[in-house]
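> Following this message is one structure expressed as structure tokens.
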Amino acid sequence: MSWSPSLPTQTCGAWEMKERLGTGGFGNVIRWHNQATGEQIAIKQCRQELSPKNRNRWCLEIQIMRRLNHPNVVAARDVPEGMQNLAPNDLPLLAMEYCQGGDLRRYLNQFENCCGLREGAVLTLLSDIASALRYLHENRIIHRDLKPENIVLQQGEKRLIHKIIDLGYAKELDQGSLCTSFVGTLQYLAPELLEQQKYTVTVDYWSFGTLAFECITGFRPFLPNWQPVQWHSKVRQKSEVDIVVSEDLNGAVKFSSSLPFPNNLNSVLAERLEKWLQLMLMWHPRQRGTDPQYGPNGCFRALDDILNLKLVHVLNMVTGTVHTYPVTEDESLQSLKTRIQENTGILETDQELLQKAGLVLLPDKPATQCISDSKTNEGLTLDMDLVFLLDNSKINYETQITPRPPPESVSCILQEPKRNLSFFQLRKVWGQVWHSIQTLKEDCNRLQQGQRAAMMSLLRNNSCLSKMKNAMASTAQQLKAKLDFFKTSIQIDLEKYKEQTEFGITSDKLLLAWREMEQAVEQCGRENDVKHLVERMMALQTDIVDLQRSPMGRKQGGTLDDLEEQARELYRKLREKPRDQRTEGDSQEMVRLLLQAIQSFEKKVRVIYTQLSKTVVCKQKALELLPKVEEVVSLMNEDERTVVRLQEKRQKELWNLLKIACSKVRGPVSGSPDSMNVSRLSHPGQLMSQPSSACDSLPESDKKSEELVAEAHALCSRLESALQDTVKEQDRSFTTLDWSWLQMEDEERCSLEQACD
């Protein structure tokens, strides 16, 4: 459907006529706009010169459109009141929803699609058109004229939606009409329609297969520039599995059963769709669409299997090759790694699978964890969801990447750039050259993404290392504080012990134990280990900062972008040449751009792999440091527990020493009540019970002396009683503790047992 200039203004109430959208088999399609509500509709009106038979078929199309209801078939609308009166004849108007995206032909003609649509766009198109055809066939409707001009695009909530239009193909397929009205669209018609034979729904299979092939490759499958008669006689010679009949640059006709390159499909989709196209493009209608698994008309179910594939794309950073793996919902990551090992030779244990942000695929999640729906991006994104494969057994990544082999026609002009080609040959081969430069740029960008994913992974490991470094520093400080406290405490204890040995308690075993503690804590601390690790981590940090600051670590653009833009401009100028200027020409300028692009690609790849090797080396250092830091932290924690244990032991020994001292207090010492013979008294007040007559007979001075002695005895008695109560209370407290670990002298043990008795 081609866009036309605006028509003379015409209104019908709030409705205003806008531009002509296109011309169909029966008449014109015009856009109308409601100025009050903003609603837009497409009005299809018939030409006056229709034959009676086609007038009846026009009315039949309107009836069909009004009863259909499917998201991929354009919907009928009510004709606004009064608009029927504007019709040029008595035939009814057909009102339809307006799809602002234009038709598929307009989309295919965009320069970017010269070698086929993007993968996501191909999948959405196949899904939508297959769904629409299924619906029509279930309602016993055969479209018979499926082509890009009869598919329109509507922007949905998440993606573009494709809708089939123009169900009014009802021309009589006599020889005259075929050579006039259908010139340019014959290649979408099934052979049996051209041969005026009986047909079934399989005519739509041929049209759908031809349409799908063009969307994948950018050109029609069978001699697109040949006239109908010669076309028919040559194409019918193809085998049942041939899906391409083309001319090379020398004019030789070639038949092939393979999907041609270039296209934008991954290897798995290309292989599966190649087999599906072989079903759809069979020359004989009885065999067409028959699937080996699903039988006759099983092509739609076979396509469902393809569209429902879940694919994981793995970019091997060692070779630069993308491997695509179909996976099931419950397939484990380990299973995927086994398949990767079979394809790449990289051992499962050495495989590191990174996502774009540098995240490692989780082993406890299924292989589908890295898949997003490629059909929701409308094919606009240039990059598939890639998983980047690194080989952990490698430190130095050598540049092994070479550009993809060019298509056959591009190889020819590389060998003979001065060779003159026809305009149609130039248009095709120049489009392929431009696509080849685009591919070089995209391959370079993917390798750059892989290097950046490795860099992000390094930064994540470095972040973990930094946290562990901080934990190590904190643990080291805590340990140092406890060591300093312990060393200071035991030094003071040793000094005080030495001071009291002349008149106090002595114990060689206790002194030896303290000396051993002092030596034991000297082995704690790990200061040298911590210092060495910090130095290595600081050196690694410097290397990482240098990597981030390096221009090589940033996105590589520049020359390849410029060359791709120059090639696009050359191709655009060729496409837009007026018809009278479409003459032969050579490809020297295009070849020059392609050769420069190849050189630029190889240079950028060397830069990327130099950066990747440095990144891998830094990551290896970080991975080596992580367990060493963990080990040192673990040893420091053990040292801390040792210091705490020694501190507890020393404190228990001090308390035991105090117990021994207290036990000695209960023995005869200078100034004790026993030295004053207080213990021989039956009662502390015995001295006070002497007869008063004896006291009276003493002189006055003797009486005073006797009173002082009695008072002293009383005080001593009370002191002895208080001391005994205190010792008993201490005994009850001490005996609740376990002192079995402390070895005591026999004499001291006996003394303690007597005191307890």
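Each Cβ is built from the backbone N, Cα and C atoms, and glycine gets one as well.
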> Between 84-105, 370-391, 458-479, I'd like to know which one Swiss-Prot lists as region 'Leucine-zipper'.
458-479
> Select from 125-130, 281-286, 653-658, 737-742 the stretch of residues annotated by Swiss-Prot as region 'NEMO-binding'.
737-742
> In Swiss-Prot, one of 326-346, 683-703 is tagged region 'Disordered'. Which stretch would that be?
683-703
> Could you state the CA-to-CA distance between THR23 (ATP binding site) and ASP145 (active site, proton acceptor) to the nearest Å?
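Just about 14 Å between their Cα atoms.
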> Can you tell me how far the Cα of ASP145 (active site, proton acceptor) sits from the Cα of LYS163 (ubiquitin cross-link), in Å?
14
> Taking DSSP states H, G and I as helix and E and B as strand, how many residues of the region 'Leucine-zipper' (458-479) are helix, strand and coil?
22 helix, 0 strand, 0 coil
> Can you give me the average pLDDT across the region 'Leucine-zipper' (458-479), rounded to a whole number?
90
> Around the Cβ of GLY27 (ATP binding site), how many other Cβ atoms lie within 10 Å? Please give the count over every shown protein chain.
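A count of 23.
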> Of all the binding-site residues given, LEU21, VAL29, which has the fewest Cβ neighbours within 10 Å once its own Cβ is left out?
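Across LEU21, VAL29, these binding-site residues, the one with fewest Cβ atoms within 10 Å is VAL29.
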> Can you tell me whether DSSP puts ASP145 (active site, proton acceptor) in helix, strand or coil?
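ASP145 (active site, proton acceptor) sits in coil per DSSP, no helix or strand.
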> At the level of the C-alpha atoms, what whole-angstrom distance separates LEU21 (ATP binding site) and LYS163 (ubiquitin cross-link)?
15
